[in-house]
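In what follows, a structure is listed as structure tokens, so that the remarks can point back to it.
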Amino acid sequence: MPLKLAVYPGSFDPVTYGHLDIIDRGLKIFDGVIVAVARNSEKNALFTVQERIELLTEILKDRPEARVETFDGLLVDYVRRVGASVVIRGLRAVSDFEFEFQLAQMNRNITRDVETLFMMTSVPYSYLSSSIVKEVSCLNGPVDKLVPPLVKSALDAKFRG
């Protein structure tokens, strides 16, 4: 029986405990989860794509069923190319739903071979976003409960040299 793979796409700039929660929950459902770092989200990124890949790879090293890759272009093309059939998306609030629903419908319009699975963010992370983490860290606020220690160190290096 073939492995059931899912793709969890995002910018992960930086990865947060909210992202890791979705990955871990996805691994309970699927045989493998590909964490796909979007190359085309480079515009206002704090971390380069390579830095994000390195952070994610190190953080996920004890999760052999999760692998980190990059992609550009249409997500559904990438999903089909890697042999997956499901896209995982985390929803923090109703405000996320409208945008995510539109993306899922567009992907469905392009191909019926790819499904989107919406996962509600666990309550402790319902407010958490990479943007909030960057802003708090930039202002020298505490982010140790929001991101893994490796990410906190990387943020400190970016903002405080």
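Quick reminder: no glycine exception, Cβ is built from N, Cα and C everywhere.
Listed in Swiss-Prot:
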BINDING   SER11, PHE12, HIS19, GLY90, LEU91, ARG92, GLU100, TYR125, SER126, TYR127, LEU128, SER129, SER130, SER131  ATP binding site
BINDING   SER11, LYS43, LEU75, ARG89  substrate binding site
SITE      HIS19  site 'Transition state stabilizer'
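Positions of the features from Swiss-Prot, shown on the structure.
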residue: SER11; record: ATP binding site; Cβ neighbours (10 Å): 21
residue: HIS19; record: ATP binding site; Cβ neighbours (10 Å): 23
residue: LEU75; record: substrate binding site; Cβ neighbours (10 Å): 20
residue: ARG89; record: substrate binding site; Cβ neighbours (10 Å): 19
residue: LEU91; record: ATP binding site; Cβ neighbours (10 Å): 17
residue: GLU100; record: ATP binding site; Cβ neighbours (10 Å): 16
residue: SER126; record: ATP binding site; Cβ neighbours (10 Å): 12
residue: LEU128; record: ATP binding site; Cβ neighbours (10 Å): 21
residue: SER130; record: ATP binding site; Cβ neighbours (10 Å): 22
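In the three-state DSSP scheme, LEU128 (ATP binding site) falls into the coil class. Cα spacing between HIS19 (ATP binding site) and ARG89 (substrate binding site): 10 Å, rounded to the nearest whole number. Each residue contributes its Cα atom, and for SER130 (ATP binding site) and ARG89 (substrate binding site) these two points are 15 Å apart. In the three-state DSSP assignment, the secondary structure recorded for SER11 (ATP binding site) is coil. Note: the Cα of SER11 (ATP binding site) and the Cα of LEU75 (substrate binding site) are spaced 13 Å from each other. Of all the binding-site residues in the list GLU100, SER126, LEU128, the shortest Cα-Cα distance to ARG89 (substrate binding site) is found for GLU100.
If you compare Cα positions, LEU75 (substrate binding site) sits closest to GLU100 out of the binding-site residues LEU91, GLU100, SER126.
LEU75 (substrate binding site) falls within a helix when secondary structure is assigned with DSSP.
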